[in-house]
Amino acid sequence: MDIIYDGGMEELATEKEAEESHRQDSVNLLTFILLLTLTILTIWLFKHRRVRFLHETGLAMIYGLLVGVILRYGIPSTSYHNKTPPSCTLQEGPVSTVLLNVSGKFFEYTLKGEINLKEIHSVEQNDMLRKLTFDPEVFFNILLPPIIFHAGYSLKKRHFFRNLGSIITYAFLGTAISCFVIGNLMYGVVKLMQVLGQLTDKFYYTDCLFFGAIISATDPVTVLAIFNELHADGDLYALLFGESVMNDAVAIVLSSSIVAYQPSGANTHTFDASAFFKSVGIFLGIFSGSFAMGAVIGVVTLHCFPLLETALFFLMSWSTFLLAEACGFTGVVAVLFCGITQAHYTYNNLSEESTKRTKQLFEVLHFLAENFIFSYMGLALFTFQNHVFSPIFIFGAFIAIFIGRALNIYPLSFLINLGRRHKIRGNFQHMMMFAGLRGAMAFALAIRDTATYARQMMFTTTLLIVFFTVWVFGGGTTPMLSWLHIRSEFKRLNRKTKQESAWLFRLWYTFDHNYLKPILTHSGPPLTSTLPACCGPLARCLTSPQAYENHEPLRDNDSDLILNEGDLTLTYGDTAITANGASSSSGPEGSGGNWEDALERELDTREHELLSRGTRLVFPMEDHA
């Protein structure tokens with residue numbers, strides 16, 4: 001009878017604890033939803049008041065910090081564990097799962113991570129703080145995919161492809177330079193800390209290189225948002241946006257390659273040539289495999305009901321990330337190129353309703369995920385239990401990322417300008433140097449592994465670097481644009497009326513428009529009109545039947561890449577200007593006068609209408625084959 005009574009009491013206690021845990025989880029999720037709601041309301045107020053000194057991401061971090069302070073110091077401990085924890089000895093170190101026999105009943109316990117001895121009776125015992133610390137895989141598998149996919153899907157292809165060579169140089173070579181410069185400088189800082197007795201555990205050279213890789217991932221979301229509002233120079237926007245998108249992909253593959261660096265012999269942290277080249281091979285293999293997987297999955301589509309189209313489009317994009325991770329590749333690279341491919345090809349196969357749905361869906365997911373991450377950054381400063389604050393390491397990291405960014409931008413810009421007809425001007429280079437903010441990707445890479453002393457110090461330092469760059473550099477974007485005399489793109493276009501395209505992309509456009517688009521989309525010229533007559537059967541087999549019926553032009557701006565004399569027309573107000581300098585006006589002032597002066601007057605008098613009216617660029621959609 002006593003056994004039945006004890007068992008019943010145990011079940012009641014278990015049910016009560018489960019109910020309490022459920023309530024706690026609801027409170028935690030409600031906390032984040034309220035944070036996002038408060039951020040959105042404040043963003044609305046800032047936009048209404050035209051406040052630009054603080055971006056929404058910086059605002060989300062501030063609210064996260066405030067809530068973190070309240071949760072850390074304003075709520076008493078709620079843990080049921082008040083006794084000293086039992087001790088045991090394991091020969092093989094910590095294990096992920098432990099089975100315990102308690103009075104004849106077996107209980108399973110899972111590893112949560114190491115607990116700081118000083119915090120064992122305070123922070124860790126607070127169930128709310130413990131549960132607010134998310135599993136790092138939540139960031140990688142749920143929050144990062146919509147952010148990266150939206151970056152590729154919303155890419156402005158005209159400016160991106162026009163500057164593709166420069167973007168690739170900054171993203172690949174620049175990130176590698178930044179990684180090794182920061183890594184070597186931080187190794188010197190670590191040696192200094194060792195001499196001064198400020199290092200309490202192991203910190204290897206490969207750890208320094210890993211920190212250099214993750215902190216080289218730039219995220220100028222604040223700067224780009226202000227660029228978009230002020231309609232800053234399109235090429236500068238493309239250089240920064242393209243570099244940040246590609247740079248994230250390179251940084252994550254580079255960090256994976258550094259982790260895979262394993263020299264043979266007893267000392268696994270010395271330089272070994274064979275291990276180095278093996279890491280380079282891993283880098284190339286992971287990147288190329290991820291790129292191929294994303295591009296292949298990106299062209300898969302289903303032309304059916306709009307709701308099913310949107311659902312499939314959404315699932316295919318997300319599954320690209322997970323499939324790449326499951327196959328040992330990098331999901332960030334795969335989902336990025338999946339987004340670019342879907343915007344370039346699959347978008348043309350969707351119905352009009354589906355195109356609007358997908359664009360709005362991913363825009364909302366991107367907005368919520370990004371602000372959620374930045375809100376969590378503020379919380380993590382107070383809820384994360386294993387911070388390692390080292391003033392010397394933090395100060396050294398700030399100096400190192402500044403030097404690494406400078407040795408990335410200025411030397412590479414000099415080399416790039418040797419082959420560019422339209423040079424990257426000095427004020428553009430200064431702005432790119434200033435806009436090297438750190439954000440969601442650096443944070444996600446740092447929090448993914450905090451098991452060792454070195455990784456915990458990296459995470460804490462990364463968090464502080466993100467705070468500083470978003471608040472200080474992000475808030476200083478508008479004054480910096482004015483100080484560097486970077487004009488609005490609208491005012492710049494009245495002096496730059498002719499654009500040019502590299503010969504490589506003229507060839508690519510012709511090949512893509514005449515052969516790839518007819519195969520992968522329902523639009524474009526049928527292959528029977530572009531392939532030789534001898535390939536007639538093959539052309540009819542590969543061409544979609546809808547291509548013969550659909551005579552509408554492709555719904556993209558690929559032809560923006562190919563601009564010739566007279567192709568460009570700028571229309572503002574009642575004034576129209578072509579690339580050859582001719583102008584026309586339907587108003588009374590159109591009969592004479594200097595067209596540059598007339599447009600300048602239009603721009604100056606109607607500057608307050610930019611957001612509502614904007615500028616319309618008219619490009620002919622003709623076949624340049």
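Backbone N, Cα and C define each Cβ position, glycine as well.
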Per TrEMBL record, range annotated transmembrane segment [choices 235-262, 459-486]: 459-486
Leading contact stretch, 27-46, 167-189, 282-308, 361-382, 428-447 vs the transmembrane segment (320-340) - CB distance under 8 Å: 282-308
Touch test for the transmembrane segment (58-75) and the transmembrane segment (388-407), at least 3 Cβ pairs under 8 Å: no
Distal contacts, the transmembrane segment (361-382) - CB-CB under 8 A, six or more residues away: 32, 35-36, 39-40, 56-58, 60-69, 71-72, 132-134, 139, 142-144, 146-147, 149-150, 153-154, 221, 310, 314, 317, 439-440, 443-444, 447, 463, 466-467, 470
The transmembrane segment (209-227) vs the transmembrane segment (388-407): 3 or more CB pairs under 8 Å: yes
Leading contact stretch, 138-155, 167-189, 428-447, 459-486 vs the transmembrane segment (388-407) - CB distance under 8 Å: 167-189
Long-range environment of the transmembrane segment (138-155) - Cβ separation under 8 angstroms, sequence gap at least 6: 241-242, 244-245, 248, 317-318, 321-322, 325, 331-332, 335-340, 342-343, 358-359, 362-363, 365-366, 369-370, 372-373, 440-441, 443-444, 447-448
Paired segments the transmembrane segment (428-447) and the transmembrane segment (459-486) in contact, 3+ CB pairs under 8 A: yes
